[in-house]
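First up is the structure itself, then whatever we jot down about it.
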Amino acid sequence: MKLGLLCALLSLLAGHGWADTRAIGAEECRPNSQPWQAGLFHLTRLFCGATLISDRWLLTAAHCRKPYLWVRLGEHHLWKWEGPEQLFRVTDFFPHPGFNKDLSANDHNDDIMLIRLPRQARLSPAVQPLNLSQTCVSPGMQCLISGWGAVSSPKALFPVTLQCANISILENKLCHWAYPGHISDSMLCAGLWEGGRGSCQGDSGGPLVCNGTLAGVVSGGAEPCSRPRRPAVYTSVCHYLDWIQEIMEN
């Protein structure tokens with residue numbers, strides 16, 4: 001298992017158009033301080049993040065879908081078995097119907113997906129769901145991102161421990177300026193406008209946490225990551241609350 005995880009770090013999937021995003025300018029999270037953080041593995045390869053939103057459901061990006069996935073909860077150090085880890089093989093995926101499955105189209109509209117676990121997660125201090133944000137975030141709000149994505153770009157160096165970074169919600173006009181013609185009302189940009197901090201390859205699908213709730217899902221961004229005036233793009237969760245509730249209830 002440890003050898004497989006080592007291989008995973010060396011063979012993380014590349015992005016399509018917009019790069020799968022990574023955490024630049026991040027520091028190691030305090031172990032299990034983000035108990036909702038999940039890692040998505042295809043075979044032995046860690047390639048996306050996700051967020052536990054109940055004991056049976058995860059929220060992630062639709063472009064993270066694979067024929068089947070392994071989910072790991074309670075994870076911090078990828079090479080060590082530390083006790084609270086839980087492993088699930090998942091096959092029940094619910095991508096938003098508006099998502100364009102042709103990843104070469106560079107269309108990140110409705111880039112959001114629910115994953116149903118085959119059994120209930122065992123909740124503990126290291127495994128806890130995160131509440132969804134019931135309101136849309138405002139520019140200037142301070143938020144937190146986390147993931148095992150690369151900590152350097154364009155030459156990608158991947159961490160073995162979960163990384164965290166504080167970033168800011170940016171004004172919509174800056175998001176449109178950075179990516180003209182690609183930004184819809186259900187997206188938001190976050191990071192530092194001057195660059196140097198934000199998500200990157202391997203962080204896709206992971207959480208943007210604002211005021212202790214899930215406000216965004218990491219969707220995409222520019223390559224190299226965290227360049228000045230090229231912030232990461234997130235799917236704004238507040239626009240999908242009704243859809244999420246409908247899928248989870250039915």
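Glycine residues also receive a Cβ, built from the backbone N, Cα and C atoms like all the rest.
The following features are taken from Swiss-Prot:
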| type | residues | note |
| --- | --- | --- |
| SIGNAL | 1-15 | signal peptide |
| DOMAIN | 23-249 | domain 'Peptidase S1' |
| DISULFID | CYS29-CYS164 | disulfide bond |
| DISULFID | CYS48-CYS64 | disulfide bond |
| ACT_SITE | HIS63 | active site, charge relay system |
| ACT_SITE | ASP111 | active site, charge relay system |
| CARBOHYD | ASN131 | N-linked glycosylation site |
| DISULFID | CYS136-CYS238 | disulfide bond |
| DISULFID | CYS143-CYS210 | disulfide bond |
| CARBOHYD | ASN166 | N-linked glycosylation site |
| DISULFID | CYS175-CYS189 | disulfide bond |
| DISULFID | CYS200-CYS225 | disulfide bond |
| ACT_SITE | SER204 | active site, charge relay system |
| CARBOHYD | ASN211 | N-linked glycosylation site |
ASN211 (N-linked glycosylation site) and ASP111 (active site, charge relay system), distance between Cα atoms, whole Å: 22
Position of peak Cβ density within 10 Å, selected from the disulfide-bonded residues CYS48, CYS64: CYS48
Averaged pLDDT, computed only over the residues in the domain 'Peptidase S1' (23-249): 91
From CYS29, CYS136, CYS164, ASN211, CYS225: recorded positions whose CA lies within 10 A of CYS64 (disulfide bond): none
Cα-proximity to CYS48 (disulfide bond), 10 Å cut-off, over recorded positions CYS29, ASN131, CYS175, SER204: SER204
Listed disulfide-bonded residues (CYS143, CYS238), ranked by Cβ neighbours within 10 Å, top entry: CYS143
Which of CYS29, CYS189, all disulfide-bonded residues, has a Cβ with the fewest other Cβ atoms inside 10 Å: CYS29
Sparsest-packed of the listed disulfide-bonded residues (CYS164, CYS175, CYS200, CYS210, CYS225) - C-beta count within 10 angstroms: CYS164
Alpha-carbon spacing, CYS200 (disulfide bond) to CYS164 (disulfide bond), which is rounded to whole Å: 12
